[in-house]
């Protein structure tokens, strides 16, 4: 007998999809129907009037707040405040606290009603829309508050039956600073924060669990496609829950949760949900807390963000056994150790349990465009050594989710420093082209590779909603190669990290996948390294993955190559000074018995240098407060580095020259690893002296005031002429260069007939710079269409030779800004010397949203220009054939850019600039920007900029590489302190062979008394050379990795008074050698 009725007396209509879906919004809403829906029963009880209405007997005395106002903008510690300062003011909800960056300490005394002992959990709820940290009575950091994102502090069970006191440190800034009107606007110095919550709450935990159940099913309703049956099942269950729930009958909460099990399963209230179908997992979730070491807040605030974030994460780990968390940046761990050693020791326990996982291997999450190659290696040398020393961990994954482009040699440097995996996601921000793959092999200039994964959810701060899990697969760009995605979740940038709500949502996402399917199978409990291990296993050790060769160019934030020019210039100076100090200190430690290598002092200087290479600091995208810290830090580093250098110089028998010194004793220190044929410098009497050395020593001793090939300056008709035996420069009365003529090749170097610029070279152009967003970060392609040519200069002769000939061009920029450019040409003795046109610009800059550049139209045609990048050359197109080419309208470089054809080329050298473009016949160096957010005064003031044009009668070769090094070197004027000053010691380490092989750095080893020599091939060809070591007794020479660990012992050939070590490098290889004495 059938159960199907004969008669139909209960008609059922088809649900109207839009209405039934929209209805669901009511159930969790705090809006007009709150009293009829779930939010009405979130609390069993609440005491919400601390220190308030004395007539309110319920709240009286249960929560008492007293506050200590720190009188300035300092950030005193718990021990400096509690027990030493008076909490003599009462505080209440509705009170305001400020101004911006102020600190307040609260003493919170609570007394729970006896009737609350029955409740499973009691929380203290706090919200002042700023950041705070709870301390126990004995000063242990417990948990952070961060405005609406984190307001609940679960009271320990021991507090539920007693009175207790705890403390809250309040920082008067939001998670993202105190921007006036928008997040990235300059900070509002007078922002105040209102205390809106200081409540004791007994939460209804089943009701909260039902809220998560309903939320995740509602997300499925909204986000699953219309042809998916799970979408409609979720909607029906949600409607059934709304029909079942009654605010006056709490038993209906459990009934509703039972309804939800048909969609979510039975295991979502514990970690057991993740024990099913693990072999089918294709989304691997990992908690993360990205803390910018500085950005919209200063370094000092970051130190507090670290303890707030990490103490909170350890708290969450205790509640969710399946939870694992990664965090990078060795410096931040060091700061925690210095500021909160007790928390650091506790953190170590979680590291040992594989719950809190150090990752990244670097000192900070650094920029990779601006720092030089040695800096990139030092990031890992210091970072990996710290992680190994403190945790016994060597990181295998370079974790850099949020920086503004990725240098072409990063894979090689990673492999040299113990890492073969790389994670980022920033390229998802590209504003022109979509990067084609999510999982791939990234290949460096030399062929070294790392496996790279870009989380397909396109964020490192996922909220663990249904969409985040879906996008971890459906936005994966190459599922044909691998079908797994990493989901990196947690509040980030300003710290914070995952919340309990995120873990609850992940449990339910897993429950959905287990029960009804469709959602990707998410897994918690795998490390990032295990995730990469899985990829390698599934792809035949990566061999079936696509590859990407060379730089990962970021099609956004191109203005960061130029913004905050003073810090960038200091960074260049410091990197070179550290090179010099380590080199001379190494010599002094070997050859002077009374000298010890200043290892700790140099390491401290490197730490500060690497700090300021953080990916918002050095690129120029921080608030002004950060640069008021960073510029003095770098200035102090430069001063102290120079002091160490001079101490080492004095140990070697030399001293700084003075006007009273015997001129016969004057000499120059050359820290370059090759002979320098000529350097013109000024003595204390402002006299020019030409130094040269022909014997390969590191000291230039032959001084001249007359030359075989002098330079001259004169006026011819209305034009001005600079000339030596190699070049003739013709300058118009307005300062533009009309002709740059190679006298040896009888060739005009400039092209003023084609292209945009027909007026002349060294043409300064002021572009309107109004990007679509992110002022300090961005410059856009359309800015190239709106500009003003600065052609109203006035020229006068400054020097007429013979050592140097020069003119000065006085150029108005606007009513507010002005510049003075000196164009000079030097004489020389030997035809092999560098001969180029030098430019020194002194700019008084007071513009708004303008971009100053200088242009050189040259008679060269090639499809590609070459740019020096770290340890190599990166070629970029000079045309706009494709959108990928258009995107590179502004690119980053180091010391030079070169435009060459088969027979001739022009290099533009610089001493502190990083932005460049070469298109058509126009080479353009970026000089200064003037964004107004987030630093309203970025780059305002005086700047000195040096650059040079270096023509060469052949394609790009080692002469340009060496000229750029020479242009950036600081040749210090010395005098011999005694007759015992030994010149031979500067000849102790030489590299002999093909000139494209560069000895880039000499230092003492981190451990022991060995000497480290860093060598790289600079132009892109397999090459041979010989390390020559003189005046020393060598036990052995080994090739080692970037962490200075031996790889292989090399053949060492001994002659009468020196040792030779033959070496062979592949194209663009970076090699490190250890000389064991």
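Here the Cβ of each residue, glycine as well, is placed from N, Cα and C on the backbone.
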Additional site residue, 84, 109, 615 [criterion: listed by Swiss-Prot with 290, 292, 402 for Zn(2+)]: 615
Around the Cβ of residue 290 (Zn(2+) binding site), the count of other Cβ atoms that are within 10 Å: 23
Other C-beta atoms that fall within 10 angstroms of the C-beta of residue 402 (Zn(2+) binding site): 18
Number of other Cβ atoms within 10 Å of the Cβ of residue 615 (Zn(2+) binding site) across all protein chains: 25
Spatial neighbours of residue 292 (Zn(2+) binding site) that are distant in sequence (at least 6 apart) but have CB under 8 A: 302, 402, 493, 494, 614, 615, 616
Remaining residues near the recorded Zn(2+) site, that is with C-beta within 8 Å of the centroid of the site residues 290, 292, 402, 615: 291, 293, 295, 365, 401, 403, 492, 493, 614, 616
